Amino acid sequence: MTAQDSIPSLEQLVQQKRVKEEKAARPKFLSKAERARLALERRQKEVEEAKAKQNDKLLDLRKRTFTNHLENNELADDEKKSQVSSVSSNNSGTESSATDEAFSMTIRQRYMGIKPPVVKKRRRNADKKFVFDWDATDDTMKDAETSASPEATIAVFGRGKLGGFDDQSIRKAKSNSGLIQRLLQGTEQDKARAHELIQLQEKRAKKIDWDDVPWREKPLEAMKPRDWRILKEDYNISIKGDDLPNPLRNWEEAGLPSEMLKVLKKVNYKEPSSIQRAAIPVLLQRKDLIGIAETGSGKTAAFIIPLIIAISKLPPLTESNMHLGPYAVVLAPTRELAQQIQVEGNKFAEPLGFRCVSVVGGHAFEEQSFQMSQGAHIVVATPGRLLDCLERRLFVLSQCTYVVMDEADRMLDMGFEDDVNKILSSLPSSNASEKDGSILATANSSSSRRQTIMFSATLPPRVANLAKSYLIEPVMLTIGNIGQAVDRVEQRVEMISDDSKKWRRVEEILESNRFSPPIIIFVNLKRNIEAIAKQLNAIGWHAVTLHGSKSQEQRERAIEQLRNKTADILVATDIAGRGIDIPNVSLVLNYNMAKSIEDYTHRIGRTGRAGKSGTAITFLGPEDTDVYYDLRVLLSRSAKAHIPDELRNHEAAFVRHAAITQ
């Protein structure tokens, strides 16, 4: 290598400088510990610089003070020397001349009134400044601090006061400590109170900052409006109304009677669902409510629990008032849903001494009249059958103060609107809101004002008009999105049009062993239900059927077999799509697509209930183009749904069918 090669060129130097500048300008990542260390070093450096400046100022002050002192001493010495020199010079003259001069001056001052000259006192420069530096030997408090206790030091300022003011913290600590000592020497109740005071003092000493603690870990008194908003967001709760209570965090904070808490523990209700968290506090305040919630959300317990608590505060049913009818009426669109509500209601009613009776079609009037004669606190009925019983005078609703309409949208779709209006109009206390406000004022002032509750999966205009007619200032409660399927359900759509291909696909799904009983298969036509059930029985599955042509006894037996796991598969029409609660349904198979997206939503809502996951498989064909658009929109909103390309790209999936027909 030559000497010229070892010497870098100008371009290399410029390149190296550019690289260094880029490297210096590039931000350097520092960890949290390094940032803390650098901040601490900067702080220490600032403190040291401040101390150095203070020491320099102090040293300069001392130097200037010492210099002034020396100057004053030198000036005083010069004055003394001048006086001595003048005296000595006078002495060197003749004593007679000095005496004569002094004598003549004295005579002039005496007879002529001449005042003697005033000699101005010269002020020293050192007197203008105050030195704040004290010597250590000047400190007189050391002996007092070592010889006297803090209590004695404070006591010298008066009767328990410090400088004329009470030391509140010391006085409170003394009083609390004395109280705790006295309580610890008392009874067991006093000792418990003492331990509470000790815990309270420990909490105050800790001074926990609850702002950064999640709402689940906070005590109830530490909850702030922000925490309640987060709770509502976590459970998809949207509520509108006046003077609304906060949702429930758990059963223990709900303020329920101890007997009800025991029942909840017995039926294994560990935590309230979303609608139970929001609806129960509202209903306990005797407010009217419109609840819009997804299927399988626990609506039944949401109104049964407050209903039973309210009934427990009314006079007990005896022979003197039993003929006046029940205290509460629950309306359901189908027999199966009514009987299911009765079963769920008796879980809470029977342990507390109340009776819940169902009045549905398929049973003799005499049988239901006998049940009512025994006394019933709650009646669960279908609108048609209840209206027949009222018209036949089998029982009355003279003391009914609670009305619940479950699946209100389904009741109106099934043509029960007139029956519902007649039933509500026949009740003793009307909640119909009139413009003059007289009924409203009377209802609010009366202790027997009727409380009306309406639950629905959707809110069509007819349901809104019904609520407007019979509910007073209702609270509007929405859980999730209206008309949305449960997020725990995995939705799959398969494009199959031929019945033979559908059946082969059913066999493949069942033989995959991915889904365990119970399983529900929905079919649109009743004549196809029995054929599919026979084919299922032929390949080794125990299938039962449910449709409108079945008697009430056959319906109840089919559902009971599926619940008891004596049957594996239920083949049904949309009659089983709403309100039927069969636990642990792993698969809902839509052999035929539902005629509306609402019915589809309720069908797949039979699985994924009570916090568990489920699967819904739908066979889609060309005859279902009317629901392509709504189905595509519904599937696109779910994170657990798969949309096949045939559906996504189909022309009918981009325009709503109602818009085309118009």
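Here the Cβ of each residue, glycine as well, is placed from N, Cα and C on the backbone.
Per Swiss-Prot, the features are as follows:
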REGION    70-101  region 'Disordered'
COMPBIAS  83-97  compositional bias 'Low complexity'
MOTIF     249-277  motif 'Q motif'
DOMAIN    280-477  domain 'Helicase ATP-binding'
BINDING   Ala293, Glu294, Thr295, Gly296, Ser297, Gly298, Lys299, Thr300  ATP binding site
MOTIF     406-409  motif 'DEAD box'
DOMAIN    488-651  domain 'Helicase C-terminal'
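In the structure shown, the C-beta of Thr300 has more C-beta neighbours within 10 angstroms than that of any other entry among the binding-site residues Ser297, Thr300. In the structure as shown, the Cβ atom of Glu294 (ATP binding site) sits within 10 Å of 26 other Cβ atoms. Remote same-chain residues near the motif 'DEAD box' (406-409) are listed as 299-300, 303, 330-333, 337, 341, 454-460, 462-463, 466, 578-579, 598 (criterion: CB distance under 8 Å, separation of at least six residues from the stretch ends).
For the recorded site, Gly298 (ATP binding site), the DSSP three-state label reads coil. Residues 215-216, 220, 231, 235-237, 284, 291, 293, 297-299, 301-302, 305, 308-309, 312, 347-348, 351-352, 477, 479-480, 611 of the same chain lie 6+ residues outside the motif 'Q motif' (249-277) yet bring a C-beta within less than 8 angstroms of a C-beta in it. Counting only same-chain residues at least 6 apart in sequence, those with a Cβ under 8 Å from the Cβ of Lys299 (ATP binding site) are Ile275, Ala279, Gly291, Ala293, Asp406, Phe455. Shown for the motif 'Q motif' (249-277): DSSP residue counts in helix, strand and coil, namely 13 helix, 0 strand, 16 coil. Gly298 (ATP binding site) counts 21 other C-beta atoms within 10 Å of its own C-beta, drawing on all protein chains shown. In the predicted model, the domain 'Helicase ATP-binding' (280-477) shows an average pLDDT of 83. Other C-beta atoms found within 10 angstroms of the C-beta of Ala293 (ATP binding site) number 24, with every protein chain shown included. Here the motif 'DEAD box' (406-409) is broken down by DSSP into helix, strand and coil counts: 2 helix, 0 strand, 2 coil.
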